[in-house]
């Protein structure tokens, strides 16, 4: 069973869409194995997104991700990484397919509701950033 990490971003929390997005995720066959609500500091957000440090949007991304609470979640499903990226849609909601999370709920490329890991390797690294082994529930 493959795992991926998602983060319901501050805009998702602010718009009170946590339940709606999790419902869509679970209806797509994903199982939640770890979840918590946290508020990232600018330093922690900067560490998580360090791979983007040289990109022009880095400062804005760190500012946004530390602007309010977010909800990191570890999900489990066969082909979890690819299937989740399909479910959430393109980074820019204007280019996302109909019915995807971002098409339904996101306002802009910068505030696009949800993060999704881009590879199995990164999913494991990102999951470890937010969760200890003890916080992850083994599925049956």
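Counting starts with 1 at the first residue shown.
Glycine is no exception: its Cβ is also placed from the backbone N, Cα and C atoms.
Keep in mind the model is a prediction, meaning the values are calculated, not measured.
Copied over from Swiss-Prot, here are the features:
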BINDING   9, 57, 85, 91, 102, 112  ATP binding site
ACT_SITE  115  active site, pros-phosphohistidine intermediate
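Sequence features annotated in Swiss-Prot and their locations in the structure.
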{"residue": "9", "record": "ATP binding site", "contacts (Cβ under 8 Å, 6+ apart)": "64, 65, 70, 111, 112, 113, 114, 115"}
{"residue": "57", "record": "ATP binding site", "contacts (Cβ under 8 Å, 6+ apart)": "110"}
{"residue": "85", "record": "ATP binding site", "contacts (Cβ under 8 Å, 6+ apart)": "116, 118"}
{"residue": "91", "record": "ATP binding site", "contacts (Cβ under 8 Å, 6+ apart)": "102, 109, 112"}
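Summarising the ATP site geometry, the residues cited as binding it (9, 57, 85, 91, 102, 112) extend over a maximum Cα to Cα distance of 21 Å. Its Cβ placed at the centre, the residue listed as 'active site, pros-phosphohistidine intermediate' has 22 other Cβ atoms within 10 Å. Other C-beta atoms found within 10 angstroms of the C-beta of residue 112 (ATP binding site) number 23, with every protein chain shown included. Secondary structure from DSSP puts residue 102 (ATP binding site) in a helix.
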